[in-house]
């Protein structure tokens, strides 16, 4: 079943006003509170904030590189953005949910791609970094212009597929005790 449901014209209007988002997930709006549009989606997205905070703490405690810390910061931002979006169903909060998903996945992809290099950048590192900056930037601009949630879902799915493939590669290559702390830390984000 597709997640897209156009916001109803006769929908219950909560504290934040009439929904302006292009998505309204399969949950009755304001069923639990006038302050929270989609109670269960909001609650479940709040659960993403804690792994982001734990991951940032783990990175700092284990002395891991900045790329891992940034990956967890991205997860934290996505959790906050998703919570705000599902709580309000406002378009501006939808963007705060969806656009950081692309950036966060780019950070995770870079962390996975550079695993084992310990900050020793190669020529391919710069090319990868350029692509992982350009892709979410261009995708975000196009998405804001065309305002079609299907475009974002496809663009994000591509990133998740790449992260899954790269994650599998890392498991196969770095399954030694030497890299277990690093892999355990970043795999929590996938």
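Cβ coordinates are placed from backbone N, Cα and C, and glycine is handled just like the others.
TrEMBL: automatically predicted annotations, no manual curation.
Quick look at what TrEMBL lists:
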BINDING   24, 25, 27, 29, 38  Ca(2+) binding site
TRANSMEM  39-57  transmembrane segment
TRANSMEM  69-93  transmembrane segment
BINDING   86  Zn(2+) binding site
TRANSMEM  99-115  transmembrane segment
TRANSMEM  127-146  transmembrane segment
TRANSMEM  152-171  transmembrane segment
Take a look at 39-57, 69-93, 99-115, 127-146 and tell me which one has the most Cβ pairs under 8 Å to the transmembrane segment (152-171).
99-115
Contact set of the transmembrane segment (127-146) with the rest of its chain, CB cutoff 8 A exclusive, min separation 6+ beyond the ends, reads 95, 98-99, 102-103, 105-107, 109-110, 113-114, 152, 155, 159
Cβ-Cβ under 8 Å with the transmembrane segment (99-115): same-chain residues at least 6 beyond its ends
67-68, 70-71, 74-75, 77-78, 81, 121, 125, 128-129, 132-133, 135-136, 139-140, 143, 152, 155-156, 159-160, 162-163, 166-167, 169-170, 174, 179, 182-183, 186, 189-190
Taking every protein chain shown into account, which of the binding-site residues 24, 38 has the largest tally of Cβ atoms within 10 Å of its Cβ?
38
